[in-house]
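Enquirer: So TrEMBL says this about it:
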TRANSMEM  39-60  transmembrane segment
TRANSMEM  66-84  transmembrane segment
TRANSMEM  96-118  transmembrane segment
TRANSMEM  130-147  transmembrane segment
TRANSMEM  156-175  transmembrane segment
TRANSMEM  181-199  transmembrane segment
TRANSMEM  211-230  transmembrane segment
TRANSMEM  236-258  transmembrane segment
Amino acid sequence: MTSADHNTAIAPEAAGAQRRVRSIAPTAIAPLPDRIRAWLVHIFTMSGMAFAALATLALINQEIAWMWMWLGIALIVDGVDGFFARKYRVKEILPWFDGGILDIAIDYITWTFIPAIFMYTQLDMGPKPLAGILIVLVLTSSTLCYANENWKSVDYYFYGFPAAWNIVAVILYVLQTGPYANVFWVALFIALTIVPFYWTHPFRVKRFMAINLASIFVWIAATGALVAIFPQQPLWLLIVFVVSGGWFLMTGLVRTLAGPDRPTRRLRRKRTM
């Protein structure tokens, strides 16, 4: 085979390889102040990993109140970082750095992995083999949520239980439930991962937004107080805890039964016209 023949033979392969390569370099570099703001937002998101590390160390050292404090801070960071990312057009300014993947990695650790280990080591989940099976199911079933590109509706509700095991774990902890209740609720929420029920995102859902925001901050405050004074359970504080948290179950039920809110319905009709 001549050199020319050889070049002709590999040309289609080279052309195919070139077509498969997608450049992640921006076509135009954003101004420095915009890039600095975008990186500050990413660093703010990354702080969730630091709080995850602190929560893990606290769990290892049996400092349960501190563990919940660090996870609570991580929860707040996770709740508001998206607002800053949209405000400062982070995806547009730094298109090569995927903040979504960063967010998912941190969420899996803080929302699922650490709480699962907490439940196994700190809650009475029955015989250890049963507890171990449940925790494995918690960790594996949660991947159905994190890997699902359709896990949020167009009006920002979660579709199926959103692997919020930090919420489940802290509820079981402060209510001091027994082994039968713990096994029942953990098994139920594992199953709810694939049940078509909507769950309210407290920071994104437009319907009842003012009440949603007030309820989540009241619930976080009540939860923090119950963790701080554990094992005490003042009745008035338990009522605040249950009512503010129960609000989100109710709004999720409303969304499941009534469908999307009216602005979203109008938007859908326009898209189909």
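Note: Cβ is positioned from N, Cα and C throughout, glycine not excepted.
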Enquirer: Hey, does the transmembrane segment (156-175) touch the transmembrane segment (96-118), meaning at least 3 C-beta pairs closer than 8 angstroms, sequence gap 6 or more?
Expert: yes
Enquirer: Using Cβ atoms and a strict cutoff of less than 8 Å, what residues sit near the transmembrane segment (211-230) while being 6 or more residues removed from its termini?
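Expert: Cβ under 8 Å, 6 or more out: 64-65, 68-69, 72, 75-76, 79, 170, 173-174, 200, 202-203, 205, 237-238, 240-241, 244-245, 247-248, 251.
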Enquirer: Considering only the recorded stretches 39-60, 156-175, 181-199, state which has the highest number of Cβ pairs under 8 Å to the transmembrane segment (66-84).
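Expert: Between the candidates 39-60, 156-175, 181-199, the best contact partner of the transmembrane segment (66-84) is 39-60.
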Enquirer: Let me spell it out: take the transmembrane segment (130-147), skip the flanking residues so only those 6+ beyond its ends count, and list any with a Cβ under 8 Å from a Cβ in it.
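Expert: Cβ under 8 Å, 6 or more out: 104, 107-108, 112-113, 116-117, 119-120, 160-163, 165, 183, 186-187, 190, 193-194.
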